[in-house]
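Visitor: Structure below; questions to follow.
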Amino acid sequence: MTPLHEAAENGHHETVSVLLAAGADVNIQDTSQRTPLHLAAENGHHETVSVLLVAGADLNMQDRQGRTPLHWAAGNGHHETVSALLAAGVNVNIQDSEGSTQRYLPMPASFTPLQLAAKNRHLETVSVLLKAGADVNTLSASEKNSLLLQASRSGYHETVSTLLAAGADVNTQDWFLKRTPLHLAADENGHHETVSVLLAAGADVNIQDTLGRTPLHLAAENGHHETVSVLLAAGANVNIRDREGRTPLHRAAENGRHDTVSALLAAGADVNTRDGKGMTPLHLAAQNDHQETVSALLAAEKQSPASGIPEWLQRNC
């Protein structure tokens, strides 16, 4: 490699500037036909990339594998570098010549920058590429579905929309808990915009994972009030039970989500329902010292028609 290659690979942008000013060839190739821009992009040195671009580096030059600097940046998830290359006008859909070259195949397999980013699960880079016009149809069905799960979990609703429009399965399930994109969007971060996109595309609002939990169970458990409202408006079963016999109200009460408890009660949640151990939502709220939730449940508590004894005094042990 030349000194310019070495400086670019290590992100020494000031040294790169000195070498260029001294007459170094910005597009010189090493034995793998990589330019300094390839090496800077591969390692995510976006400042060095900018210096090289200003000096006239060839954006679309391909190395021995047919890969451009964008391929290397995308494959390694360097989204800032990807953005810099895209802003400079790189071909977003260029294919490399990497892959199988076995004789029984009609031609070598090739990859676009989007495929490399997807293969390595670099979601943010995938989103940047899609917004720049990368062809989503270069992805396989399994790649689209895998990315849909990732994008839903992270709340990338624009990416979700693009993947769905390209044929990703809105009800695809992960391998571990058999959760759908809707489960993941509704869970820890409560991405209600993403939830809305998925529902509009036909997501099953009452689908249960291996634990018997629906997206509403997960949203309620985490107190995502807006997401709960969106799910209820879409017809989520407010009294559906998971494998422990618990409803979304049980889950919200157990975790002290009093605003969510109120929303579920207003939607018709059964305040007196018991789980597999005979516990009501009030039992769980009291057990965990969630005083505001206890107050909300007490206000909604009904008398048992059988005995006249308040449900909160009863427990089947």
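From the backbone N, Cα and C atoms, a Cβ is placed for every residue, glycine too.
Keep in mind the model is a prediction, meaning the values are calculated, not measured.
According to TrEMBL, the protein carries these features:
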REPEAT    1-31  repeat 'ANK'
REPEAT    32-64  repeat 'ANK'
REPEAT    65-97  repeat 'ANK'
REPEAT    109-141  repeat 'ANK'
REPEAT    143-175  repeat 'ANK'
REPEAT    177-210  repeat 'ANK'
REPEAT    211-243  repeat 'ANK'
REPEAT    244-276  repeat 'ANK'
REPEAT    277-298  repeat 'ANK'
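In terms of burial and nearby residues, how do these features look in this structure?
Guide: Counting only same-chain residues 6+ beyond the ends of the repeat 'ANK' (1-31), those with a CB under 8 A from a CB of the stretch are 37, 39-40, 42-43, 45, 47-48, 50-52, 55-58, 61, 63.
Remote same-chain residues near the repeat 'ANK' (32-64) are listed as 2, 4-5, 7-13, 16-17, 20, 26, 70, 72-73, 76, 78, 80-81, 84-85, 88-91, 94, 96-97 (criterion: CB distance under 8 Å, separation of at least six residues from the stretch ends).
Cβ atoms under 8 Å from those of the repeat 'ANK' (65-97) belong to residues 32, 35, 37-38, 40-46, 49-50, 53, 59, 108, 110-114, 116-117, 119-120, 122, 124-125, 128-129, 132-135, 138 of the same chain, restricted to positions at least 6 beyond its ends.
Long-range contacts of the repeat 'ANK' (109-141) within the same chain, counting only residues at least 6 positions beyond its ends with a Cβ under 8 Å from a Cβ of the stretch, are 66, 68, 70-71, 73-79, 82-83, 86, 92-100, 147, 150-151, 154, 156, 158-159, 162-163, 165-169.
Here the repeat 'ANK' (143-175) has Cβ contacts under 8 Å with residues 115, 118-119, 121, 123, 126-127, 130-131, 136-137, 181-182, 184-185, 187, 189, 191, 193-194, 196-198, 201-204, 207, 209 of the same chain, all six or more residues outside its ends.
Using a Cβ-Cβ cut-off under 8 Å and counting only residues 6 or more beyond its ends in the same chain, the repeat 'ANK' (177-210) has close neighbours at 148-149, 151-157, 160-161, 164, 170-171, 216, 218-219, 222-224, 226-227, 229-231, 234-237, 240, 242.
Confidence over the repeat 'ANK' (211-243), given as mean pLDDT on the 0 to 100 scale, stands at 99.
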